[in-house]
């Protein structure tokens, strides 16, 4: 063997495959304030020890690969590697473990949710040694939080822009979601807004289809906003969906919305992508637009209990990427959402600081420092009988969005909006008077219906409508 090709053990590199746990399982590690911490629910393949599975997650989502490579000697792996520092079995589940992994901050580009997720929830989710893998929670260190702009404006600035305080905001998604012409769509918006709603909304499917091009929709909705504002004396808005096939087209639509003088635009942030969302959020901050975020596609990622990513992680990512509203489930409506878990990530959206609380699924204490809060949006299968529960569960800093619960009113859109506004005002007044909304909710609605024929009609239509299915995702 020639000197040029000879290898020596003393060089420090030995080819071959070694157990991940020898390098990446470090139970003695003390986490740093600057580490990104992740809690993974790991289901190893039969015969794979949990320590090896947890170490494999840490390795494959940071510096590791399947074999030893000589270029490991050209860097400081102890500085850059992820570390599985704790493993605990999941109570009541066989062969499932919560594996805690710490990532040094230098692994991630500043201000990039895209880069963070590419590492933490990248190829490792297809790793054969694991039957399933789910990211349950992240702790984003303050040092990394400060590299993001966050929401364009936040809760307090939005209230100041709208001049609306002391109650949840009311919205409505226009139905049918597809097929209306732009003029009829604008008419539906106008009827809802003049009836007492604060917002109407494009459905997530509405972009720029042959039956209704985006520019026509924007124009007719702007007309509805200004006409209803003139009649009611209240500031109104419509979530104009700027989501498009390219970032350039998305920004063009947002620019047109700004030129029309409307207060808010909308983005489907998962189908549109985090890079596009962050760009739109920064444009909205610079140009005074509020940004409503829809979560279409989230259930593909978060619905399964043992694989994917929990919605609380998506919510944290959105607060970093930027959005003033985000759909968060209803607890009482037609969409998935267990109460304690939902309130856990609602607090993560709104509060500056959230303590670790495993009873609500919060694995880490999280500080958002000066990052503005995000309004949770309760939407999906809700109607006037749900109003007391929604007011009690979500409080004032929320948006309650009734699509079918407005447009399905037997007398039309405007009476449907009146019914929802009367029900909301009655619940807020009762709460402020010290009444128990959880116990007296139905009585409060019936009392208000005596003075509002619109509410009485709504109560009759939806008196037996319930969505009582168990949540799939529980603690």
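Every residue gets a Cβ built from N, Cα and C, even glycine.
Annotated in Swiss-Prot:
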ACT_SITE  175  active site, proton acceptor
ACT_SITE  294  active site, proton acceptor
BINDING   123, 173, 177, 327, 379  substrate binding site
BINDING   201, 203, 204  Mg(2+) binding site
MOD_RES   3  N-acetylproline
MOD_RES   14  N6,N6,N6-trimethyllysine
MOD_RES   201  N6-carboxylysine
SITE      334  site 'Transition state stabilizer'
Fewest Cβ neighbours within 10 Å, where candidates are the binding-site residues 203, 204: 203
Proximal but sequence-remote residues of the same chain as residue 123 (substrate binding site) (Cβ under 8 Å, at least 6 apart): 60
Nonlocal neighbours by CB distance (under 8 Å) for residue 327 (substrate binding site), same chain, sequence gap 6 or more: 293, 294, 295, 376, 377, 379, 380
Residue 173 (substrate binding site) and residue 201 (Mg(2+) binding site), Cα-Cα, nearest whole angstrom: 5
In the chain carrying residue 175 (active site, proton acceptor), residues 6 or more apart in sequence that have Cβ under 8 angstroms from it: 203, 403, 404, 407
For residue 177 (substrate binding site), nearby residues of its own chain (Cβ under 8 Å, 6 or more apart in sequence): 203, 205, 206
Assigned conformation of residue 123 (substrate binding site) - DSSP reduced to three states: helix
Cβ contacts of residue 173 (substrate binding site) (under 8 Å, same chain, 6 or more positions away): 200, 201, 202, 203, 379, 401, 403
Residues close to Mg(2+) site centre defined by 201, 203, 204, Cβ within 8 Å: 173, 174, 177, 202, 205, 206, 239, 241, 266, 294
Cβ neighbours of residue 294 (active site, proton acceptor) where a neighbour is any other Cβ within 10 Å: 28
Among 201, 379 [binding-site residues], residue with fewest other Cβ within 10 Å: 379
Three-class DSSP secondary structure - residue 175 (active site, proton acceptor): coil
